[in-house]
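See below for the structure under consideration.
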Amino acid sequence: MRTTEETEGFDGEASNTSMISGASSPYQPTTEPVHALNVLGGLRCDLEYLRSYFGILKAVEVVLSVIGFICIETVMMCSPCGGVYFFEFVSCSASVVTGVLLLIFCLNIHTKVPHINWNLTDLGNTAISTLFFFLSSLVLACINQGTDAEIAAVVFGFLVSGVFGLNTFLAVRRYRRGNGSQGAAQANDYIRARTASRGEMEARSEIA
């Protein structure tokens, strides 16, 4: 018959063994949130960007641009056709370029090409798209045959112009904020370097 001390010893060893095995087990529960999903080629889909203002705006821009392009493509006859061709070119170009940028930011491809200023690239695309979408929609609104497809294209054109305009405003704010923080960092580095050089000069003068 075991004594009380032996029983307590066995219980302590068993609890320590279970704690060690639990700590070394690779199947530990985790509470870390998932911010990205693995996709083909080792790339990762950034879910946080898709939920951000810029991700949502870009998705809306692509959808509205594609809808506007589909509407203008259903126009069978036009006279004159300058407004139709202009809107067709703008909607197709904007949907392709914005869609490519959306994929680049979602898959974090821009982090692999750091020498490109992606904020400035995004700002340029949104500003140009805003201008040309507004102009093409205005021209199509003035020169059309009054068909349902042309009217729908004009409506979606002005809508996507507004979305691109909002995106441009936010992109300008982000670009200015980034330049301001970069300038402050450079100023801090300059002050730090000047302070260090003064310290070296004072130390040399004291030694001399």
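Every residue gets a Cβ built from N, Cα and C, even glycine.
TrEMBL lists 1-11 with the feature compositional bias 'Acidic residues'.
Marked as compositional bias 'Polar residues' by TrEMBL: 14-27.
Per TrEMBL, the feature domain 'MARVEL' maps to 49-176.
Feature annotation from TrEMBL assigns region 'Disordered' to 1-27.
Under 8 Å from some Cβ of the transmembrane segment (53-77) lie the Cβ atoms of residues 84, 87-88, 91-92, 94-95, 98-99, 101-102, 105-106, 122, 129, 133, 140, 145, 147, 149-150, 152-153, 156-157, 159-160, 163-164, 166-167, 170-171, all in the same chain and six or more residues away from its ends. Look at TrEMBL and you will find 53-77 (among others) tagged as transmembrane segment.
Residues annotated as transmembrane segment in TrEMBL: 83-107 (among others).
Long-range neighbours of the transmembrane segment (127-146) within the same chain, counting only residues 6 or more positions beyond its ends whose Cβ lies under 8 Å from a Cβ of the stretch, are 61, 65, 72, 75, 77-80, 82-84, 86-87, 89-91, 94, 97-98, 153-154, 157-158, 160-161, 164-165, 167-168, 171. Marked as transmembrane segment by TrEMBL: 127-146 (among others).
Per TrEMBL, the feature transmembrane segment maps to 152-172 (among others).
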Taken over the domain 'MARVEL' (49-176), the predicted model's pLDDT averages 93
DSSP-assigned states of the domain 'MARVEL' (49-176) in counts, ordered helix, strand, coil
107 helix, 0 strand, 21 coil
